[in-house]
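This report concerns only the one structure given below.
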Amino acid sequence: MTATLQRRASANLWERFCAWITSTENRLYIGWFGVLMIPCLLTATCVFIIAFVAAPPVDIDGIREPVSGSLFYGNNIITGAVVPTSNAIGLHFYPIWEAASVDEWLYNGGPYQLIVLHFLIGVASYMGREWELSYRLGMRPWICVAFSAPVAAATAVFLIYPIGQGSFSDGMPLGISGTFNFMLVFQAEHNILMHPFHMAGVAGVFGGALFSAMHGSLVTSSLIRETSENESLNNGYKFGQEEETYNIVAAHGYFGRLIFQYASFNNSRSLHFFLGAWPVVGIWLTAIGISTMAFNLNGFNFNQSVVDSEGRVINTWADILNRANLGIEVMHERNAHNFPLDLASNSVVPVALTAPSVEA
């Protein structure tokens with residue numbers, strides 16, 4: 001009898017815990033994905049802060065030339081970063097217990113791998129938590145679908161790209177100038193500016209910003225006045241009101257006359273779906289582009305593609321870009337390679353686009 005009561009009490013305790021985890025009445029919804037998300041993001045955040053402030057230099061290239069990334073070792077907010085795991089580690093899973101000591105783990109950049117893996121699990125769980133809360137509230141699942149775009153982008157630069165390149169040292173550093181360095185080196189090695197999927201991503205981000213600004217300004221310009229001239233228009237809106245707060249017909253008419261009739265949406269639902277889908281699809285395509293370039297399926301190469309009738313090269317902007325790529329590749333990791341692969345495997349390229357005339 002006593003054992004039965006204990007089992008019932010423990011079962012009730014578990015049921016109460018489950019009800020609390022999945023309750024939509026909490027100030028912040030936790031959910032089962034939140035059980036995984038919270039410790040992962042807390043771990044990633046705490047280790048990032050500690051490493052950014054105090055981590056010792058990391059031998060990123062695996063050639064015994066440590067690179068300083070933390071504030072305590074001479075960096076500032078702009079130059080500081082969590083330096084990626086050493087090239088000597090490659091793609092090996094490198095938790096603390098795999099190193100001979102904590103000093104060795106820090107020297108080989110173990111914190112980077114710890115932060116990145118916990119962060120990716122955390123943001124993926126956040127996406128799942130969005131779906132879970134939508135499901136509990138009876139909503140459609142498009143919020144988590146939209147968030148899948150930044151999740152895909154983060155996964156591409158922090159996981160897929162290092163896998164394709166064979167080392168976590170090729171992942172994006174966790175800092176401002178480190179991010180810029182990653183972008184420049186990525187351009188030098190993969191010609192990302194000439195990749196169609198990157199172009200689609202640029203169109204998605206800038207187009208999304210443009211459409212957001214257009215939509216916000218149109219709505220703000222066609223608000224239905226519910227207040228006097230001496231009050232803010234915003235005071236005319238009551239949360240949860242059933243009537244429209246702006247005149248969609250006026251906004252539609254304005255924009256249709258500004259551009260042309262069919263450039264303006266007459267359906268608010270399809271308009272907002274478009275506003276959500278445009279940047280999401282663009283960022284999806286960029287993440288796919290990064291993931292393909294990770295395995296060296298690079299951007300288009302139009303170098304020396306225009307020649308005259310006598311076979312002489314007429315340089316285009318593609319050749320200028322190629323020259324910049326070679327220059328960046330020469331400068332980065334200058335002690336890790338004897339010579340950049342692109343330069344070593346091709347014929348000699350003249351430094352100047354045209355040879356200067358020399359007077360005798």
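Placement of Cβ uses the backbone N, Cα and C atoms for every residue, glycine included.
Given the ranges 6-21, 86-101, 102-117, 118-133, the record in Swiss-Prot names 118-133 as transmembrane segment. Cβ proximity to the quinone site centre (mean Cβ of HIS215, SER264, PHE265, cutoff 8 Å) flags the following additional same-chain residues: MET214, LEU218, ALA251, HIS252, PHE255, ALA263, LEU271. Cβ neighbour count for HIS118 (chlorophyll a ChlzD1 binding site): 20 (other Cβ atoms within 10 Å of its Cβ, all protein chains included). GLU189 ([CaMn4O5] cluster binding site) falls within a helical segment according to DSSP.
Most Cβ pairs under 8 Å to the transmembrane segment (197-218), among the stretches 118-133, 142-156, 274-288, belong to 274-288.
A straight line from the CA of HIS332 ([CaMn4O5] cluster binding site) to the CA of HIS190 (site 'Stabilizes free radical intermediate') spans 14 Å.
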